[in-house]
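Trainee: Pasting in a structure now, in structure tokens, and then I'll have a few things to ask.
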Amino acid sequence: MIMTPPRKLHIKSYGCQMNVYDAQRMVDTLAPEGFVETADPAEADLVILNTCHIREKASEKVFSELGRLRVIKEEAARTGREMKIAVAGCVAQAEGAEITRRASTVDVVVGPQSYHNLPKLLAKARDGAPAIETEFPIEDKFSALPAPKPAAIRARGVSAFVTVQEGCDKFCTFCVVPYTRGMEVSRPVADIVADAKRLAENGVRELTLIGQNVNAYHGDDENGRTSSLGRLLHRLAMLPGIARLRYSTSHPRDVDDSLIEAHRDIPAVMPFVHLPVQSGSDRILAAMNRKHTAADYIRTIERFRKVRPEIAFSSDFIVGFPGESEQDFADTLALVTQIGYAGAYSFKYSPRPGTPAADMQETDTALAVPAAVMDERLAQLQALIDAQQASFNRAAIGRTVEVLFERAAREPGQIVGRTAYLQPAHVMASPDIIGKVLPVTIDSLERYSLKGRLASEETAVASLRSTQRESETFA
């Protein structure tokens, strides 16, 4: 019997956690078609660019990468090997047929809601004409994407993403997500629980629930009642084997009582929340259509801290939004100083075509913040954020913290895991600790990574008792 050699697949993903998750599901979708992953695009039979449309010149970066892939594709053709190129993700959704017009080497253009149709699109592309699908049948995507095989789950490690929600209804004036991912749609509770159970049965210990606006989750449960994210977390915490639960990314407006209570009542929900605010200026927040004030955001932070004092936060910030004044920027610095973040991401404003903010700046060019001013503000903000992150990390030295060990580190004999706050932590230990949550005494800090040693049994018990007493005090 002659065995057909597997076809090789290379996926390059840009941007958010949702794209990482989507890349895995594309791998699962194409596995029955005989595709296996490769890290080398030069040996791939299919290359997929899984794109992001959030940042400046996203489309141009894609076309630049397509130029490099064209050379690889032509070289493959000279050796008698056919190579297909697909563009997926939010640039595919936004640009559509324009991609194949500008880059004739592209065979498939597929939006985020149509990945389950990849085999059909590839078959269509074999006829010579490019296959393009950028519709919005998002319910079909959730129901039609195949579940990963047990071997694939185990190979991906002890932490996994689970999509619970997709799309956004907020229409922030700077953002393209509602136009590229569509309106908010939530998966049924039963489907999410089934996915999580399958992951747990195959060695996953930590689940991160993801969505463009994850705390807007409003899926139906088995009784037809609408479930909040907080109630969903309660359901997932009951699954055997799941030690940690996270979620990302959240909108301050959608933090409700049930989510606060989940942080109070469920030890598995990690005390680390990514809660983007974008600006500390009420004037800029209004121009962004965020529908909350800086004071609203601070009150939300305080609600979390009241029920879980050890909780920490990260955030996103945009500097140089159209019309941002020195006072507006000073308000942002003041908010960052008041909150005290464990980390944050800051970016210069970049106009996204078709968004209200881009139109606003185009209509009134005086609103545009000069590039040099944006650079200066970004450097100042990032320096403050970096100092806060360094201080937060240094505070771990000398403490015993719980670490979920994920994999072997680059240095021989070391195993790396993550703390409750997603800090990498390295110890010298046997690989058999991978998948376990163990107490680690932190001895030092190297850049953003903690280094320590497995705590002695006596230290571990004392640490866990201390944590338990704190939990009882805060309940």
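A Cβ is built for glycine as well, from the same backbone N, Cα and C atoms used for every other residue.
Positions annotated as domain 'MTTase N-terminal' by Swiss-Prot: 7-127. The [4Fe-4S] cluster 1 binding site feature in Swiss-Prot is assigned to CYS16, CYS52, CYS90. Annotated domain 'Radical SAM core' per Swiss-Prot: 154-388, in sequence order. Among the features that Swiss-Prot reports, [4Fe-4S] cluster 2 binding site is placed at CYS168, CYS172, CYS175. Marked as domain 'TRAM' by Swiss-Prot: 394-456.
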Trainee: Which numbers of helix, strand and coil residues does DSSP report for the domain 'MTTase N-terminal' (7-127)?
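Mentor: Split by secondary structure, the domain 'MTTase N-terminal' (7-127) comes out as 67 helix, 25 strand, 29 coil.
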Trainee: Whole-number Å distance between the CA of CYS168 ([4Fe-4S] cluster 2 binding site) and the CA of CYS16 ([4Fe-4S] cluster 1 binding site)?
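Mentor: Cα-Cα, rounded: 14 Å.
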Trainee: If you count CB neighbours within 10 Å, which one among the binding-site residues CYS52, CYS90 has the smallest count?
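Mentor: Counting other Cβ atoms within 10 Å of each of the binding-site residues CYS52, CYS90, the minimum falls on CYS52.
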Trainee: Return only the integer: C-alpha distance in Å from CYS52 ([4Fe-4S] cluster 1 binding site) to CYS175 ([4Fe-4S] cluster 2 binding site).
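Mentor: The Cα atom of CYS52 ([4Fe-4S] cluster 1 binding site) is 12 Å away from the Cα atom of CYS175 ([4Fe-4S] cluster 2 binding site).
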Trainee: Under DSSP, the domain 'TRAM' (394-456) has how many residues in helix, strand and coil?
Mentor: 4 helix, 35 strand, 24 coil
Trainee: Just how many other Cβ atoms lie inside 10 Å of the Cβ on CYS16 ([4Fe-4S] cluster 1 binding site)?
Mentor: 18
Trainee: In the same chain, which residues outside the set CYS168, CYS172, CYS175 have their CB within 8 A of the centroid of the CB atoms that define the [4Fe-4S] cluster 2 site?
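Mentor: Neighbours within 8 Å of the Cβ centroid, excluding CYS168, CYS172, CYS175: LYS170, PHE171, PHE174, VAL176, VAL177, PRO178, GLN212.
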Trainee: Looking only at the domain 'MTTase N-terminal' (7-127), what is the model's average confidence as pLDDT?
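Mentor: Here the predicted model's pLDDT, averaged over the domain 'MTTase N-terminal' (7-127), is 90.
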Trainee: Using all protein chains in view, find how many other C-beta atoms are within 10 Å of the C-beta of CYS175 ([4Fe-4S] cluster 2 binding site).
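Mentor: So the Cβ neighbour count for CYS175 ([4Fe-4S] cluster 2 binding site) comes to 22.
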